[in-house]
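Structure record follows, encoded as structure tokens.
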Amino acid sequence: MDLLLGVLSSGILQNALPFVAGVGRVKRPKRVKLEEAFREAHLCRPVIPYRAPTPYTGGRVKALFVGINYTGTRNKLSGCVNDVRQMLGTLQRIQFPISECCILVDDMRFPNFTALPTRENIIKHMAWLVHDVRPGDVLFFHYSGHGTETKAERDSEELYDQCLVPLDYQVQGAILDDDLFELLVKGLPAGVRMTAVFDCCHSASLLDLPFAFVGNNNFYSGGRHEMRKVRANNFSMGDVVVFSGCDDSGTSADVSNVSSFGSGLVASGGAATQALTWALVNTSQLSYADIFIRTREILRQKGYKQVPQLSSSKPVDLYKPFSLFGPITVNTSLIHYVPQQYLQPWGPPQPYYPPPQPQQPYYPPPQPQQPYYPSSQLPTQYNNLAPTAGIPLMTSSSEVPPGQYPQALSGDQNGGVPPQYPSDQSTYYSSAQYLSGVGKPL
């Protein structure tokens, strides 16, 4: 026993095995004030994280990244900020042409840091992500941090609601999956594509989407698989695909050393993020099934028990090529489950992006993160930050096509155009229509 305690205290075991931390079930949080969130969406200050060689001409490409290590608290994680770093590096490497993004992490030294991932900031920036979206726009959302659950009240299809856990959750509370659906999915118009990645515990149904692949560790063993309907409602005009680190009852591992995933970065990270980014970089023309076969196989080989999940607003044909652009290719055998009004045509085909060429990783390894606040208190530095804290906007340049960004709202003097960064400065390692129907709780 003494020997075992010595090993645990030295941290050797944590470096060898996945570390899973949790916050336990939480008190049911307050509902999000959606109208207020969308009124404040224009206060967000997006940036351009890098320049892709081939710009996307079909619309805007907006992205939101949230990584929370909860540094200095009893629920501290070690790899969530690195997950954001890894995801940004992967998207850059595959030349995903982000036109504007916001980065919420609890490390102010992170390049292009936008704001701390407090409850207020996460909600406001999620509203920014979907505010004023139009057909052809492409959205990407990545969250790495704690996930938890709370007793469901009005949901007849599950006993517990899933929640995201902001930095200040102990004071301000978590964010319900009901509100995540209302914020991110419900009001998307036809022709908008969203891909979301949740690397956290209890994450399979965080957006409460109607279709899911509910699988187990035998998925890679062969046979044909398909999605199934898991909810009677919650349809959307937009096309939404969600990759989750585990099922609703499962935990998502925080890995102390991710070099075994082949990323080259000796640091911490979420197992699901590491496996998914590896699959995206090391395969081309892969299908949804390919991603899951490879991701689950990687995690299984490394000794992880978590099983990544897939959910969507429409039944995905798992054997069609995966893309971050364009409409979901619907499994025709399941299309009758989707109400006709949610199957509007998309219009012209989306442009094809060739597989990326091999590149060297750009983003420097992270520096050791120091606690910014005592474990027993709220983040003290947040109290001194203005609600609009982040990267100030700069005037537009000739490199930003006219009309690519929405018109400035009152008080926004720079046209809502993200700042332009030199190609060697920001590189990375490996709405009124929307509010229609608001006020109808699930």
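A Cβ is built for glycine as well, from the same backbone N, Cα and C atoms used for every other residue.
According to Swiss-Prot, the protein carries these features:
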ACT_SITE  His146  active site
ACT_SITE  Cys201  active site
BINDING   Asp161, Asp177, Asp178, Asp208  Ca(2+) binding site
COMPBIAS  348-371  compositional bias 'Pro residues'
COMPBIAS  372-382  compositional bias 'Low complexity'
COMPBIAS  422-434  compositional bias 'Polar residues'
CARBOHYD  Asn69  N-linked glycosylation site
CARBOHYD  Asn112  N-linked glycosylation site
CARBOHYD  Asn234  N-linked glycosylation site
CARBOHYD  Asn257  N-linked glycosylation site
CARBOHYD  Asn282  N-linked glycosylation site
CARBOHYD  Asn331  N-linked glycosylation site
REGION    19-62  region 'Important for catalytic activity'
REGION    336-442  region 'Negatively regulates catalytic activity'
REGION    348-442  region 'Disordered'
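In terms of local Cβ density within 10 Å, Asn69 ranks first among the glycosylation sites Asn69, Asn112, Asn234, Asn282. Across the structure, Asn282 (N-linked glycosylation site) and Asp178 (Ca(2+) binding site) place their CA atoms 35 angstrom apart.
If you measure from the Cα atom of Asp208 (Ca(2+) binding site) to that of Asn234 (N-linked glycosylation site), you get 7 Å. Note: the Cα of Asp177 (Ca(2+) binding site) and the Cα of Asn234 (N-linked glycosylation site) are spaced 12 Å from each other. Listed in sequence order, the recorded positions from His146, Asp161, Asp178, Cys201 having a Cα within 10 Å of the Cα of Asn69 (N-linked glycosylation site) are His146. When the CA atoms are compared, the recorded positions lying within 10 A of Cys201 (active site) are His146, out of the candidates Asn112, His146, Asp161, Asp178, Asn234. Cα separation, Asp161 (Ca(2+) binding site) to His146 (active site), rounded: 14 Å. Put simply, of the recorded positions Asn112, Asp178, Asn234, the one whose Cα is nearest the Cα of His146 (active site) is Asp178. Secondary structure at Asn69 (N-linked glycosylation site), as computed by DSSP, is coil. Take the CB of His146 (active site) and look out to 10 A: across all protein chains shown you find 27 other CB atoms. The binding-site residues examined here are Asp177, Asp178, Asp208; by Cβ neighbour count within 10 Å, the least packed of them is Asp178.
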